[in-house]
Amino acid sequence: MVEGDTDQNHSKYTDVKDDRVANGDSKDHPLAGVGPVSLVAQQQQLSLHGPLNGSGGDSALVSKQTEAKGGAPVDPERGAYSIKADFEQAIELTGYGRFHYILLAICGLVSTSEEMDVISMSFILPSAQCDLDLNTQSKGWLNSIIFIGMMFGAYIWGSVADSLGRKKVLIVISIMNALCIVASSFSQNYEVFMVFRFLNGVALGGSGPVIWPYFAEFQPKSKRGSMLSFMAAFWTIGNLLVAGLAWLIIPTGIGITTPAFTYNSWRIFLLVCSIPSFIVAALLLYLPESPKFLLSQGKIDEAMAIFRGIYVTNTGKTKDQYPVKELLIDEKLREELESVTKPIKNKYKRMLYDILDNSKQVFMSPILKFTIISITINFTFHIGYYGLMMWFPELFNRFDEFTRAHPGVEDASVCQVTDYVVGMGSHSQSGVCSATIPSTVFMESLITVAAALPANVVAVLGMDRLGRKFFLVFSTMAAGACSASMFFVTNQHQNLAVSAVFSGVISMGNASLDCLITEVFPTNLRATGVAISMVAARLGGIIGNVVIATLLDMYCPAPTFIVAVLLAGGGLMCLFLPNTTRTALS
């Protein structure tokens, strides 16, 4: 696993006893007299003996400070360098290798488990309608209750993460999430199931606002866009896993059924979906805290220790060979750290103060503009994303029901199919509830989510070349066109094709939106800003599920065109945000 720190022991990530400056050149605390140094000034100070090894080798920058004082020349083979660097240079000089790939795998699994838990309900609804006595409206609320919980959780956990740290919050919410899923699988009625789905949402609400800043803060600016897009691809993996597991488990009819207790196949499917969250909680123990967050808290030595640990993991060399010996603190961060003249001793009061202060700052100039735009984009985007994506399995099932009931009819629109199913009331003609879902429904769902894989590859390869705004505008316009065209499909195969294209283009938009919103907020407000944006996203998910479900049954043409307009309009809002492609994190 990663060569680094756990919460139970001290290692190279938390060894803060190393000298900050080689040869005793500086004995001052980084905040005392260390100002920002321009790249030109550093080049004048440093001697360049060779190119930087981008794969994680030592830099060949050797300080001349020792020689200027009459000391012996620095031996580059022994790693006795004396380099001053800001955060971006420090993370670059750790190299890019084993640590970052392990980080991607673990953080990606967090995103996978989150998406599995959200989307799993769309596969449960057709099967659970008899057990929980569901109609279209109750299905919409069951889809939405997790987003209501996520609205509460996003703000709470995001604010706590900006105060106490990213890693601790991620571990707590992963455990809480897993336990709530297990509890919901044992729920025997609609009301209890709703309670645990709500709590499940509260836990999940912290996942997105925390994992994206956490992952981004370990990335050098040259790779940040592509790696964030890579992590967004794990959402697609989550969709594929859910669809595949649903196909393997739900139609089997396994489980037990007694007059007092039922634990059937869809409940077992839920139980299996909780496993990734348990795994994530354990794996996160092997990762360090975000060094960017530690710097924002004034913990310079701890951040340096983590840089050394990453360097060791990536290169296999000793921590003494890490060339950076002193971190430069920019004026803005210095002012923020020195502004706390009367520190609050009680950590809980400190946390509450930070939460309230961070919440106030994201709604003040100059951050206010970013906050309003990110809220608007997330709200409109997720009405479309969840409003359609979570209803695709239900639409596939409705087409299948219509086809079986009308074997001689080849063409039927979404509205015709919906009118038929609503008229039947999701019950068979004998009046007995039918929860049997044909395997073709799961196969079509699997095809739909698999269509996002090539789109994710395009996003990974092009995010740092074409930029976040390009992908967001293109994807929202294309997804809007797909949404509108669903009104004109005339058979099951056309519906599948449009759904697959929608899934692909919307996944590119999701990746670019996550990149853009994560990068636009400063470090000390990043989790809070992303969290508030996520609250808007969850509200969009709620409205998307409830309103889309209601309109689909009451006035079928409306949902597809409403979603089309919202997606296209929201995507264009990103043009008012600054360009964050290949720029340093603020």
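Glycine too: its Cβ is placed from the backbone N, Cα and C atoms.
Note that TrEMBL annotation is computational and uncurated.
Straight from TrEMBL, the features:
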- 1-33: region 'Disordered' (REGION)
- 7-30: compositional bias 'Basic and acidic residues' (COMPBIAS)
- 101-582: domain 'Major facilitator superfamily (MFS) profile' (DOMAIN)
- 140-157: transmembrane segment (TRANSMEM)
- 169-186: transmembrane segment (TRANSMEM)
- 192-215: transmembrane segment (TRANSMEM)
- 227-250: transmembrane segment (TRANSMEM)
- 266-287: transmembrane segment (TRANSMEM)
- 370-392: transmembrane segment (TRANSMEM)
- 445-463: transmembrane segment (TRANSMEM)
- 470-490: transmembrane segment (TRANSMEM)
- 496-517: transmembrane segment (TRANSMEM)
- 529-552: transmembrane segment (TRANSMEM)
- 558-577: transmembrane segment (TRANSMEM)
Checklist entry - Against which stretches of its own chain does the transmembrane segment (470-490) lie, if we need a Cβ under 8 Å and a gap of at least six residues from its ends? => result 377, 381, 384, 388, 411-415, 459, 462-463, 498-499, 501-502, 505-513, 516, 557, 560-561, 563-568, 570-572, 574-575
Item to check | Intrachain neighbours beyond the transmembrane segment (140-157), with Cβ under 8 angstroms and 6 or more residues off its ends | outcome: 117-118, 121-122, 125, 132, 134, 169, 173, 190, 193-194, 197-206, 208-210, 359, 386, 390, 531-532, 534-535, 538-539, 541-542, 545-546, 548-550
Checklist outcome for this item: Maximum Cβ pairs under 8 Å to the transmembrane segment (496-517) among 169-186, 192-215, 227-250, 529-552, 558-577 is reached by 227-250
Item to check | Listed stretch, out of 192-215, 227-250, 370-392, 529-552, 558-577, that has the most CB pairs under 8 angstroms to the transmembrane segment (445-463) | outcome: 227-250
Checklist entry - Sequence gap of 6 or more, Cβ distance under 8 Å, 3 or more pairs: do the transmembrane segment (529-552) and the transmembrane segment (227-250) meet that? => result no
Checklist entry - In the same chain, which residue numbers or ranges, 6 or more beyond the ends of the transmembrane segment (192-215), come under 8 angstroms Cβ to Cβ? => result 103-104, 107, 110-111, 113-114, 117-118, 121, 132, 141-142, 145-158, 160-161, 166-167, 169-170, 173-174, 176-177, 180-181, 183-184, 227-228, 231, 290, 293, 514, 517-518, 523, 526-528, 530-531, 533-534, 537-538
